[in-house]
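**Q** Sharing a structure here in structure tokens format.
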């Protein structure tokens, strides 16, 4: 159904947007909410545990683990950003969301995603230097440089995400106001506009290419050099040991970029796709990386696994 519109400096926008769960399955939403809640719980506890362990153990205050702490903090914030709309929708059928709340959530989701992409790039460079030039590794990755890198990624995320809600305020919305997800995304809200959205489309494409596009290419380039360096190592056992230090990061990269690419493709070219595809891709994008990243790093990194086992036993 259409919603009331309000006028602001010659443009109108809806008072409310309607979030979407699983169409046709509204009667079982409370049951669907149970696994979703469990996934959120795992993501919250897993990333909080990673942060707590790295903060408490001084032996883990090294570049790789500091970047991992940044990744966990970003995932924790991303989960906390989507919980306020997703769980009320499935538990209590609360669908309506005001424009201001939607724009705020959208800003945090897009900025945090940009931050996570930057951190994954920094972690790729960390592995590249550690394998290709281990003697200079301590000189390059100092504490101050790691902190500056994290701050730079945060500022980049804010600067690229800030224009999206501002540009959406300039559009007119008249007619349908139902989103295709249980949370707000720029490309989703933009499609509801009935005025010219060329600027939004161009800026959205520019932001994606300037952040995720460049980051993914640099990550790929880093791994090309890493593989080339590893293949030059004579001893097979040393090759495996060097590659093993990259497995967890490579898994995190795939967990982040595969759902991101899938969601982008669905929004760009999937107008005729089933609403279920949009919903599943959205949940995969915001839930799977935060939930599985702590699991992957806990399994692959011995220090993290040992600290978790020690705390569980105590």
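Glycine residues also receive a Cβ, built from the backbone N, Cα and C atoms like all the rest.
A TrEMBL annotation is a machine prediction, not a hand-curated record.
Pulled these features from TrEMBL for this protein:
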DOMAIN    46-297  domain 'G-protein coupled receptors family 1 profile'
TRANSMEM  31-53  transmembrane segment
TRANSMEM  65-87  transmembrane segment
TRANSMEM  107-130  transmembrane segment
TRANSMEM  151-171  transmembrane segment
TRANSMEM  201-226  transmembrane segment
TRANSMEM  247-270  transmembrane segment
TRANSMEM  276-297  transmembrane segment
**Q** Considering only the recorded stretches 31-53, 65-87, 107-130, 151-171, state which has the highest number of Cβ pairs under 8 Å to the transmembrane segment (276-297).
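**A** Between the stretches 31-53, 65-87, 107-130, 151-171, 31-53 has the largest tally.
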**Q** Which sequence-distant residues neighbour the transmembrane segment (201-226)? Criterion: at least 6 residues beyond either end, Cβ under 8 Å.
**A** 110, 113-114, 117-118, 120-121, 124-125, 127-128, 131-132, 156-157, 160-161, 163-164, 167, 186-187, 190, 246, 250, 253, 257, 260, 264
